[in-house]
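Chemist: Dumping what TrEMBL says about this protein:
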{"type": "TRANSMEM", "residues": "39-57", "note": "transmembrane segment"}
{"type": "TRANSMEM", "residues": "69-88", "note": "transmembrane segment"}
{"type": "TRANSMEM", "residues": "94-117", "note": "transmembrane segment"}
{"type": "TRANSMEM", "residues": "137-160", "note": "transmembrane segment"}
{"type": "TRANSMEM", "residues": "199-222", "note": "transmembrane segment"}
{"type": "TRANSMEM", "residues": "289-311", "note": "transmembrane segment"}
{"type": "TRANSMEM", "residues": "323-341", "note": "transmembrane segment"}
{"type": "TRANSMEM", "residues": "347-365", "note": "transmembrane segment"}
{"type": "TRANSMEM", "residues": "408-429", "note": "transmembrane segment"}
């Protein structure tokens, strides 16, 4: 097997193992650790640490350790989070969330750097276009990686379905589920009791082992990048200093279009935070039980992956405006329905309709917003995508921060308000673009979205 391809597969399966564990844990945080909002608080802290990490850690670590050992070390940060869940408290989960957040940005940056170097290296030897090979490598990576959302949630549902203490939820307790929740610990208020400690420890043991296997796979089998290639890449990483990158991120806000895109970018964090932090707890866990959370999130992950591929392909024919409109309509319909719907175990199929539609919308938000940034700010991509990461992560932080303070219907109204504002602002961006180039509407340009490399699952 060609060596570069072997390394790409090792990284891909390493990330698959790691995010099988993290993805499953993220979906369960609000349900497993609902006391005093510990679960969602840990996620809020995690994304806040990720913002800080992305501003300064990646270039420093990659320069000092190289890509291979940065990936391995960052993966250990994820394992620390799994271990923190064994004895979940404010003194274990919050510090390990900070550790994971700090390790998140270097992990993804080192992965992107490694795949880019490997692609350019092979292209040079084979006399092919470097960009084409890099896109192929990213395609292989995401094909394997995206399935992690399915495996992690499947494991949790299969384990929790073994619980012998399943109880029928009374009509009185069901009244506390949904948009007008009772602002109490739903897993204790309803008959849907928490799984036993032995089942929780079994799940956490599997997740931790999966993370350890990921680290071993990288340490033992991944080749270190050749020194001459690494030095070249280090020079690139050194060129913009931390302060220049930091300042460029905020100087980019002088561009009116970037300011107008802030609500849309933050909405991406809000809507993902609502699904994993609120829908899983106040609708699914409350009415059906925690063992259904995994199945519901599998539905979301599967639809999201398929639609990401589909919309990435068809956007050049439909234009992005039509896709953004489709995502907005689907999300608005879901929000209104969630406000009106009273979840009941007899309506099992409905619990899966919402994450399916949410997955369709999220696929558009991710692929099209990434593509939009790449097209609008082609000359300042680094600063533009730094803003993307900053504002999306801030959306996550805020969504998780107010998760335990507000009733669900208020959160849904906030979501709806931010979405409407986002669409108005986005319309203004398209108007400005049409004015800038009246002969050629940006929407009709070939929208080469490239590879869907924005890691929304962190």
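Note that Cβ sites are derived from N, Cα and C of the backbone, with glycine treated the same way.
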Chemist: In terms of Cβ proximity under 8 Å, which residues at least six beyond the ends of the transmembrane segment (137-160) contact it?
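Modeler: Contacts of the transmembrane segment (137-160) (Cβ under 8 Å, skipping residues fewer than 6 from its ends): 4-5, 8-9, 11-13, 15-16, 18-25, 27-28, 111, 115, 118-119, 195, 199, 202-203, 206-207, 289-295, 297-298, 300-302, 304-305, 308, 450-453, 457.
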Chemist: Same chain only, please: residues at least 6 beyond the ends of the transmembrane segment (323-341) with a C-beta under 8 Å from a C-beta of the stretch. Say none if there are none.
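Modeler: Sequence-remote neighbours of the transmembrane segment (323-341) are 178-179, 271, 279, 283, 311, 315, 350, 354, 357-358, 360-361, 364-365, 368, 408-409, 412-413, 415-416, 419, 423, 426.
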Chemist: In the same chain, which residue numbers or ranges, 6 or more beyond the ends of the transmembrane segment (69-88), come under 8 angstroms Cβ to Cβ?
Modeler: 11, 14, 18, 21-22, 25, 32-33, 38, 46, 58, 61-62, 95-97, 99-100, 102-104, 106-107, 109-111, 114, 201, 204, 207-208, 211-212, 214-215, 218-219, 222
Chemist: Grab the same-chain neighbours of the transmembrane segment (39-57) for me: Cβ-Cβ under 8 Å, and only residues 6 or more beyond its ends, written as numbers and ranges.
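Modeler: Cβ under 8 Å, 6 or more out: 26, 28-33, 81, 93-94, 96-106, 242, 245-246, 249, 269, 273, 276-277, 386, 389-390, 393-394, 396-397, 399-401, 403-404, 458.
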